[in-house]
Amino acid sequence: MACGQFGVVLKKLKPYLLVVSLQFGTAGMYIISMVTLNHGMNRFVLIVYRNAAAALFLAPFALVLERTTRPKMTISTFLHIMVLGFLEPIVDQGFTYLGMKYTSASFTSAIMNAVPSVTFVIAVIFRVESVKMKEVRSQAKVIGTLVTFAGAMLMTVYKGPVVDLLWSHKTSSHSSTTTSTDQHWVTGTVFILVGCVAWSCFYVLQSITVKKYPANISLSCLICLVGALQGAVVAVTVERRASAWAVGWDSRLLAPLYSGIIGSGIAYYVQGLVMKTRGPVFVTAFNPLCMIIVSILGSIILAEKLHLGSIIGGVIIVFGLYSVVWGKSKDYCKSSAVPSSPAMKDEAHELPISNGSATNGTKLVIDKNGSDQPSQMQYMTVQK
């Protein structure tokens, strides 16, 4: 009996344990990437190795698990994958790594909380998302987006004094924060915001592509592979030194493997597993935890300076994020409700269970006789 109760409790806690572990894994990726960039590794080379590692990790699972469900490749799908490979691995990761070098890992993770709000704006522009200002949930999403942008702008224009933590004085003599970090803070923030926009565009295009190519692991593997190939062309163009491609038994090897396997491969699976039962809103709601973890680890391991402006701006962004998340949760609940009125049962309806940029959901088709036919329509995000 006790074992049965423990199993029930563990089943309820499983989604929470998975998403918390996911945030710890993502936080580790920020720290390890920052370490290897500080040690002089070229960011384009890191991008190539990271996506190559992710593609190699995902390939066996894609070949085995989706060998019977993988659709045929079309020219339209191929072009979409090429654009996706350029948006996320090249533009997003490239500008994010560059902005991280000019600012800090904790600052970058805080700005990245703005991605859901930026995605909402881009989705509205391309008419993937609808806004009805008379509805409270739409008002919450719009207000949350404006609040998020206000927090990002505050972090850009205002650094404020350094906030001393309990362990700050112990690590201050080994500070890795360079002079260029202070001089190019605004420039670094702009680069990170460019990465945010690219990542948000990736989400919107991915939500369209996955409908044409509903093989999640295969699609993610192909995106990483294309990103690695495109990144190799860019890296060879800007970095001609053979020594820049050398790796050793240090962070130059650990960073690509960790970010590729943990930050991409395992994160894809965990994210999709949780989204399948809890939806995308549940996963997104835990994003600020990554910012807190990175801030703590960054100040201890990297001796990063935590500024007052970053704290205030990060808090504002979190409030904006949860406003957007709340609005999306109401969309999720409304789309999950099955109409029960007799007049509506006379016609066929399609009710999307999950409405998100990259979700794992089910589409319930109800015919005029009232019978239901579930069909899977899966999505998978690329976790940062």
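Please read every residue number as a count from 1 along the shown chain.
Each Cβ is built from the backbone N, Cα and C atoms, and glycine gets one as well.
If you look up TrEMBL, you'll see 371-384 marked as compositional bias 'Polar residues'. Look at TrEMBL and you will find 17-156, 188-325 tagged as domain 'EamA'. The region 'Disordered' annotation in TrEMBL covers 352-384. Per TrEMBL, the feature transmembrane segment maps to 16-35, 47-65, 110-128, 140-158, 185-205, 217-238, 253-270, 282-302, 308-326.
Contacts between the transmembrane segment (16-35) and the transmembrane segment (110-128): absent, as fewer than 3 C-beta pairs lie under 8 angstroms at sequence separation of six or more. Through the fold, the transmembrane segment (217-238) approaches residues 42, 44-45, 47-48, 51-52, 54-55, 58-59, 61-62, 65-66, 70, 81-82, 84-86, 88-90, 94, 209-210, 260, 264, 268, 380, 382 of its own chain, all at least 6 residues removed from its boundaries and within a Cβ separation under 8 Å. Counted over residue pairs separated by six or more positions, the transmembrane segment (185-205) shares fewer than 3 Cβ pairs under 8 angstroms with the transmembrane segment (282-302), which leaves the two as not touching. Against the transmembrane segment (110-128), stretch 140-158 has more CB pairs under 8 A than any other of 47-65, 140-158, 282-302. Relative to the transmembrane segment (253-270), the listed stretch 47-65 leads the set 47-65, 140-158, 282-302, 308-326 in CB pairs under 8 A. A contact links the transmembrane segment (308-326) to the transmembrane segment (140-158), because at least 3 Cβ pairs that are 6 or more residues apart lie under 8 A. For the domain 'EamA' (188-325), the number of residues in each DSSP class (helix H, G, I; strand E, B; coil) is 118 helix, 2 strand, 18 coil.
For the domain 'EamA' (17-156), the DSSP counts in helix, strand and coil order read 115 helix, 0 strand, 25 coil.
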